[in-house]
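S.K.: These came from Swiss-Prot, pasted as-is:
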- 1-21: region 'Disordered' (REGION)
- 456-656: domain 'FtsK 1' (DOMAIN)
- 721-1315: region 'Binds EsxB' (REGION)
- 813-1004: domain 'FtsK 2' (DOMAIN)
- Gln834, Thr835, Gly836, Lys837, Ser838, Thr839, Thr1031: ATP 2 binding site (BINDING)
- 1099-1282: domain 'FtsK 3' (DOMAIN)
- Glu1119, Cys1120, Gly1121, Lys1122, Ser1123, Asn1124, Gln1293, Thr1310, Ala1311: ATP 3 binding site (BINDING)
Amino acid sequence: MSTVLVRRKERRQPPQMPRGEILLESPPELPEVVTNSFQNVLMYLPMAAGSAAMVFTFLNHRNTLQLVAGGMFALSMFGMMFGQLSQQSGERKTKLNSARRDYLRYLGQVRQRVRKAAKQQREALEWNNPAPGRLWSMVMSPRLWERRSSDADFAQVRIGAGPQRLAVQLIPPETKPVEDLEPMSAGALRRFLRAHSTVPDLPVAISLRSFARILPDGDPKAVYGMVRALIMQLAAFHSPDDVRITVCASRERMPQWQWMKWLPHSLHPTEYDAAGQVRLLTHSLVELESMLGPEIKDRGMFGASRAPAEPFHLVIVDGGQASYDSQIASDGIDGVCVIDLTGSVAETNEATMLRLRVTPERVYVVKRDRAGKEVLSSVGRPDQASIAEAEALARQLAPFRTSAADEPEEDVLSANMTLTSLLHIDNPYNLDPAVLWRPRPQRNRLRVPIGLDADGRPLELDIKESAQGGMGPHGLCIGATGSGKSELLRTLVLALAMTHSPEVLNFVLVDFKGGATFLGMEGLRHVSAIITNLEEELPLVDRMYDALHGEMVRRQEHLRHSGNYASLRDYEKARMEGAPLPPMPTLFIVLDEFSELLSAKPDFAELFVMIGRLGRSLGVHLLLASQRLEEGKLRGLDTHLSYRIGLRTFSAMESRVVLGVPDAYELPPSPGNGYLKFATEPLVRFKAAYVSGPVDEEPQTRSEGPQIVRQVLPYLTDYIRPQVVEQPQPEQRAEENKSSESLFDVVVRQLAGHGPEPHQIWLPPLDVPPTLDELLPPLSPSAAHGYTADGWEWRGRLHAVVGLVDRPFDQRRDPYWLDLSGGAGHVGVAGGPQTGKSTMLRTLITSLALLHTPQEVQFYCLDFGGGTLAGLAELPHVGSVATRLDADRIRRTVAEVSALLEQREQEFTERGIDSMATYRRLRATGEYAGDGFGDVFLVVDNWLTLRQDYEALEDSITQLAARGLGYGIHVVLSSNKWSEFRTSIRDLLGTKLELRLGDPYESEVDRKKAANVPENRPGRGLTRDGYHFLTALPRIDGDTSAETLTEGIATTVKTIREAWHGPTAPPVRMLPNVLPAAQLPSAAESGTRIPIGIDEDSLSPVYLDFNTDPHFLVFGDTECGKSNLLRLITAGIIERYTPQQARLIFIDYSRSLLDVATTEHQIGYAASSTAASSLVRDIKGAMEARLPPPDLTPEQLRSRSWWTGAELFLVVDDYEMVATSDNPLRPLAELLPQARDIGLHLIIARSMGGAGRALYEPIIQRIKEMASPGLVMSGNKDEGILLGNVKPHKLPQGRGYFVERRSGTRLIQTAYRES
């Protein structure tokens, strides 16, 4: 049998017994009779004398008329005398009647006072000693077991009802002798005193503590009925801890007492048998004494102690074996009263005995006079209770037990009560959810105890709407720090979880500050969401707004689509009637620290109002909790908050805002004390239950040695021996201190995992990035397509997944798919530093690589973001990855893609290909082999760096973006902010991925939402639609750790590479470090043009055409390849011209060109200034002879027919050594402008040192002014711009910038010619 713990409250004050006295007034007295005859005679004598004289006067005349007149005079005289006497008598009677009336009226007023006092006296006595028929109602009231051993009326029991003196003393007046009193008034006084001095049928009680033995006799039925009534009152008002009621009866009479086995007062406190606690009903006093043991063994004689022993024992002896050496059969035991129904116990001390004679109508107290004769004193009518009535009361009391924390002298609200005690759960370690979650009556639905009220009764919070008998669906809880608010919320949520299944009730638990209020509840299947730590992550508040708003909409749509139900109540009613509808649990939202939430996000109040308005019908209940509540915070919401809980507040004003009174401010400081207010009911004071305290150690289900076998047995009074079996040695339990676990932890662990999974209202925030294998269809190797999602419909269609999109309103997270097949084919990624831009690019590349073959997509990467893209270089889809310092590869990459664009523009036109979609289709079907490329992606990580360091490439990439999309050329760019892209290219980026920006104001999605993208969360960003997303990790091993990302990418690249056996992405062709001269076009292929190398853009030959541009300049550091270039040019001249066509003169102070010309082409070689001057004079003379005369025709100028001879090539090496103050070449300066006409060519190579100043040297200045081609090789950038707009910088040997007026500036690699 389950038990119910009773925490006894402070005893209520009974009705007051009237006190005092009433002094009655004396009745009126009879008036005294006045006997003044002589005075009356004297008063009437003159009248009589006069009348007699008149009579005698008329009689003397003996006339008849006169005789009549005399008689009339005599008659009138006697009439006057009689009238006077009558008048005096009437006045006396009138006064006496008035006095009588006044006295009777006075007695009537006193009678009202006396009757009121009698009523109060009856109420007071019946409060303390109710009739047996009313005791059943006391069991379910706060008065159960209200009397404590320290109370004056402890162990006082009613035995019947009889007359008693009026509590207000009626004091009769002192009067004259009765014969002097007005008879009627005196009689009324006597009757008044006789009627009201006693009050009939008042409860008659005896104190069991005052007697060692009570011996009732008389009519057996009446005796048993009275004793049963006596026991019933004793059991109803006294707890089992204070009173024991035991029976010693013969077997024949034991059936009279079988009902007492249900009384908790008749159960042994520590001994158990097979049926439970041993029943204290025996057949002998010796056996009873052995069962009671020390409780009575060590007690003294009756009355020896001034403080009675506890607990008090009432022993009923009805036959049985009463041994004379029994302690109970002695003269009396302290704190023990024996009711002997059969005289089985020897009579000893008459002074401590009470004899009663009981008849069906009267009960008498029996005493003996000195002669030993019985003297009977009636006390009233005996109480009677049948066995059925007694057993009914006993069964009511059977489950109740006193709480161990009961402190009679203390306020019931001062102790802690566990939730399991309120729910009548004995062992929290052995919970059965199937039993706990059994269907509950509608009255108990959403109704749970949360603590004890001031009367010690469980206080239940009912969050149903008032129309269903509840307190309302929405409430408010305010409590200062240390008031126990968090504990109350935990208690409420845990109580609801223990009594309602997840099919009936779900929770959304929100803690704005991120405290531990709801910590540990994640395992409950009731919990749809636990949201904490919003204070530090305010963007999550908006996410919660969307989630809760979405849940309201979802419920509305579900009710409408399921059958257009008006409310959840109608929906559940249809389910119960058999409609095939899924469960739709009630949702209870508990929000702690809501006041601070509203301070941070005032707009959230609109959602609260919406829930308050629609939640009743949708089954969404709301409890708002906070430490403080400012006036005005609840504006618009307070009308929806039907119940309010006020724990101890910081101020009286806060208490008034919540409860309307300042009482919550005056609560004691101990946690859990509070007030509950709902509807128009008065405030209810309560103490919340405690669930965070340690729970008793889990009871051992198996132990070493004998174990009692559980059986189903009849519940009898006799001892039932348990069936014992031997148990094997138990396994050694792990050393675990169960007492360190809290009740909360134990219950949550017991309930975790039971019930259906709840609907997820709040998905976890985007904190843990997914991996690509989690977002893509199943991946596997394919012979035709490599490692991919083979067979998936979107494979190979330029779709890529790059992350997860958070849709809190829809309560789901979707893969973030990009469609790059159409106008959104260019991608821009913007985000502040360390926001995950490079990872986004890697994810995009990897995702496309997993869904396309290397023949379908190719990637060419410019990595200015720290080298992270280098990890993808081994992908078969990646043609090149160039880092910031790899300038050659960067330029070549852009040049290659640009060349591909130009090639496709030409091919598409020639072959009639109208779009890239057609091109893809033709390649896929094999109708067109193509150019070896598919969709080509030029990826630039950190666009600003490219603009700053490679400004010339910006225009090229802009052109690629403007023209390339229609030809399968895509650009993917990243930057720190959108403003770093010029408008010309930013508008072309059809797919924009916006990560966290340094300044949300620059967002191109939504500035307000951009501010909510969390900081220090790489990969978080906004979609075009304003949804938050999280970038996926570019790996396929399921590992979300950032620490192992490099290894994960390497594994992914290796997996993709090993699964592909076809051609890979064409690599970027680079300028060779060494270009053999033999690879240049021959004279037959190039004519008179002299090839000196190949350019970077197209890797095509670069020529010097001296017919067009007669001069050539070379600037370069030592050992950069200047002399090699001069040898190469010289060899080209010799190869293309005969000695008759061209002659060579060398000025070479360092003698590096001694062996260059071994043919007849060389006509001069100067290694010194003197030799050079001599040669220059000769050259000048020869050239001046070729100057055109003034009369030449245009045709002659074009054909140069006015002179004959060879072209003269003057080759100068180390010009810085030549161009001194006595420059031997200076005389030629005036001939340079006409050099083309006269066949003079200067080829000058100069060191880079001082080249900036050398530009103003006359010969170089004149050549530069003529826009002659030149080559700037490796040098120091401090020299400034030398040719065109080229500043020198470090370059490999043989490499330089070829500056020409027609083709602009090109980077070329000059050919190497072996000496």
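The backbone N, Cα and C atoms fix where each Cβ goes, glycine too.
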S.K.: Let me know the largest Cα to Cα distance in Å among the ATP 2-binding residues Gln834, Thr835, Gly836, Lys837, Ser838, Thr839, Thr1031, as an integer.
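M.R.: Greatest Cα separation within the listed binding residues comes to 13 Å.
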S.K.: So which other residues, same chain and not among Gln834, Thr835, Gly836, Lys837, Ser838, Thr839, Thr1031, have a Cβ within 8 Å of the centroid of the Cβ atoms at the ATP 2 site?
M.R.: Gly831, Met840, Leu995, Pro1018, Gly1019
S.K.: For Ala1311 (ATP 3 binding site), which residues in the same chain are close in space, meaning a Cβ under 8 Å from its Cβ, but six or more apart along the sequence?
M.R.: Leu1075, Pro1076, Ala1077, Gln1079, Leu1080, Pro1091, Ile1092, Gly1093, Leu1128, Gly1294
S.K.: Nearest to Gln1293 (ATP 3 binding site) by Cα, among Gly836, Lys837, Ser838, Thr839, Thr1031 (binding-site residues)?
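M.R.: Nearest by Cα distance to Gln1293 (ATP 3 binding site): Ser838.
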S.K.: What residues elsewhere in the chain lie close to the region 'Disordered' (1-21), defined as a C-beta under 8 angstroms and at least 6 residues from its ends?
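M.R.: Distant Cβ neighbours of the region 'Disordered' (1-21) are 116-117, 120-121, 123-125, 127-128, 142-148, 151, 167-171, 239, 276, 398-403, 405-406, 408, 411-412, 415, 417, 421, 424, 426, 452, 454-457.
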S.K.: Would you mind ranking the binding-site residues Thr835, Thr839, Thr1031, Ser1123 by how many other Cβ atoms sit within 10 Å of each Cβ and giving me the lowest?
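M.R.: Least crowded of the binding-site residues Thr835, Thr839, Thr1031, Ser1123, by Cβ count within 10 Å, is Ser1123.
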S.K.: Would you identify the secondary structure of Thr1031 (ATP 2 binding site) according to DSSP, in three states?
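M.R.: Looking at the DSSP assignment, Thr1031 (ATP 2 binding site) belongs to a strand.
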S.K.: What average pLDDT does the predicted model assign to the domain 'FtsK 3' (1099-1282)?
M.R.: 91
S.K.: Per DSSP, what is the helix/strand/coil residue tally across the region 'Disordered' (1-21)?
M.R.: 0 helix, 4 strand, 17 coil
S.K.: Grab the ATP 3 binding residues from the record (Glu1119, Cys1120, Gly1121, Lys1122, Ser1123, Asn1124, Gln1293, Thr1310, Ala1311) and give me their largest CA-CA distance in Å.
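M.R.: Value for the max Cα separation, rounded to a whole number: 14 Å.
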S.K.: Quick check: of the binding-site residues listed here (Gln834, Thr835, Gly836, Ser838), which one has the Cα closest to that of Ser1123 (ATP 3 binding site)?
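M.R.: For Ser1123 (ATP 3 binding site), the spatially nearest of the binding-site residues is Ser838.
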S.K.: Going by C-alpha positions, which of the binding-site residues (Gln834, Gly836, Lys837, Ser838, Thr839) is nearest Glu1119 (ATP 3 binding site)?
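M.R.: Going through Gln834, Gly836, Lys837, Ser838, Thr839 one by one, the closest to Glu1119 (ATP 3 binding site) is Ser838.
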S.K.: Would you mind reading off the Cα separation of Thr1031 (ATP 2 binding site) from Gly1121 (ATP 3 binding site), to the nearest angstrom?
M.R.: 49
S.K.: Would you identify the secondary structure of Ala1311 (ATP 3 binding site) according to DSSP, in three states?
M.R.: strand
S.K.: Given the binding-site residues Gln834, Ser838, Gln1293, and counting only Cβ atoms in the protein chains shown, which has the most within 10 Å of its Cβ?
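M.R.: Answer by Cβ density within 10 Å: Ser838.
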S.K.: If H, G and I count as helix, E and B as strand, and all else as coil, what does DSSP give for Gln1293 (ATP 3 binding site)?
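M.R.: In the DSSP reduction, Gln1293 (ATP 3 binding site) maps to coil.
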S.K.: Sort out the sequence-distant neighbours of Gly836 (ATP 2 binding site) for me: same chain, 6+ apart, CB within less than 8 Å of its CB, listed by position.
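M.R.: Result: Leu995, Pro1018, Gly1019, Arg1020, Gly1021, Thr1031.
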S.K.: Far apart in sequence but close in space: which same-chain residues, 6 or more away, have a Cβ under 8 Å from Gly1121 (ATP 3 binding site)?
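M.R.: Met1273, Gln1293, Gly1294, Arg1295, Gly1296, Thr1310, Tyr1312 - these are the non-local Cβ neighbours of Gly1121 (ATP 3 binding site), listed in sequence order.
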